Amino acid sequence: MPDDRPQPTARPGARPARRGAAHRMLRALPFLAFVLWWALLALALKAVTLDAGDLPVDYRTYAEAAERARQTGSPYRQVAAAQAVWADIHAAARARFDGGGAAVAPISGPYLYPPSLALWLPPGPATGLVYLALHTLAAAGLCLGWLRLAGARSGWWLLPAALSADLLAVYAGGNVEILLLAASLAACGLLWRGPAVLAGVPVALVLLVKPQFALLFAAFAAFVLLARGRAAAGGLAAAAAVALVLAGLEVLRWPTPARAGALAYLSEPAARQYFALPPASWWPMDHWNRAPLQALLSAGLPRGAAMAATLAGFAARLATSLLALRRHPPGFALAFALSYVLLLIGRPIDWALPLLGLLTLGAAAPGLGRGARRAGAAAALALGLAHWAAFIGFATGRWPGLLSLQTPAWPWETLVVLPGAWLLLLRAARAAPGQGAGRPDRTLGACAPQ
């Protein structure tokens, strides 16, 4: 007899729904792993520094300057004292690398910033913990924010960021560079997508710590004008006005000794740098620094002429970029990546190049063919491995280069990597789809690994 009982029927769309849930979990996996990775790094850094009664080596510089400011009103050492710190670093490196690799306690460098960074650090043990938390959030936020603003559709782009020797070294040292890069990315995102006037706040914060970031903001503003035309001028002017007002109010807040010290420092900032010493004492800092200024100094150019040539090189590359892209206005990711590379070329010190490969390759990929993308990925991987090799060699006392295998005699990262990244971005910007004013920024989404 036929069975007249109702038969169970499959729910329409049940299998696709399960597949959709699995796909969403797979897409979320790299983001969850990335957040967990930075949480574990924060706990590890806290355990080996704060819990042990120590401070990360770069953060120690800021904390000592904050204590000097509380005692004397100014965070600055005398010029001779700052030069003595560099001489001590040179002597300690000689003892380590010429003495069989014996461990030497890391020495914090002199304070080379406007007073605000030191004045913003209140006394008390909680300050270090708060800074570590902000430092960690900035590191993770920098990578996540870049993916979001650049239009990535895959979290697997986070893998090279998580394994970047430069980013991890800067993070382990507690260097404020990560906070400044994250704030700069936020500011540029506001300048690009609005409301632009709000960008004045992070711009002011960044410039009050490292004025040389004005190179990045100037370049990015020029690219905004190139892409948006006169319609963007009002927003840029408003952001600049807010930044100037906030910076002016902060300068008025500085104690008189701090203001006097800042004027003395800013009138001749190079006097407190290591290259104010005799060239024989530049080692190993001249191995660490990959800025074009170092290559010019190592070639024998006088300090003033080398600094002028560096700024002229920045201006020439920015002008060339604007001319090359006048009919091919870049999208956000290309504009920010170009501005970042121009900052690295124009400023005097490049100890590390955090996220250079990710920013360059991620922004350039849509404008490159498959072969060029693969070649770029291979070059970025090779550069990352070279930085890891240098960092491991430095940590074990076998190589003085910190994060680079280049030497003052052959500064290949300065002469090849930085100009190469700039040229690659220019080439990609002229061919990238979906860029420019009024068009979506498809930079990372066009080639995101799935």
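Note that the numbers count up from 1, one per residue, in the order the chain is shown.
The backbone N, Cα and C atoms fix where each Cβ goes, and this holds for glycine too.
Note that this is a predicted model, so its numbers are computed, not measured.
If you look up TrEMBL, you'll see 28-48, 129-147, 168-192, 204-226, 233-252, 293-316, 328-345, 351-368, 375-397, 409-429 marked as transmembrane segment.
Sequence-distant contacts of the transmembrane segment (409-429) (same chain, at least 6 residues past either end, Cβ-Cβ under 8 Å): 290-292, 294-295, 298, 317, 320-321, 324-325, 328, 330, 334, 337-338, 341-342, 344-345, 353, 356, 360, 363-368, 376, 379, 383, 435.
Segment contact holds for the transmembrane segment (28-48) and the transmembrane segment (168-192), given three or more CB pairs below 8 angstroms at sequence separation of 6 or more. When Cβ distances are compared across the two stretches, the transmembrane segment (328-345) makes no contact with the transmembrane segment (233-252), since fewer than 3 pairs at least 6 residues apart fall below 8 angstroms. Fewer than three CB pairs closer than 8 A are found between the transmembrane segment (351-368) and the transmembrane segment (293-316), and contact between the two stretches is not assigned (pairs 6 or more residues apart). Between the transmembrane segment (233-252) and the transmembrane segment (168-192), the number of CB pairs under 8 angstroms, six or more residues apart, is three or more, so the stretches are in contact. Residues 113-114, 116-117, 176-177, 180, 183-184, 187-188, 191-192, 232-233, 236, 242-244, 246-247, 250, 266, 314, 318, 321-322, 325-326, 329-330, 335-336, 338-340, 342-343, 346-348 of the same chain, all 6+ positions outside the transmembrane segment (204-226), place their C-beta atoms under 8 angstroms from a C-beta of that stretch.
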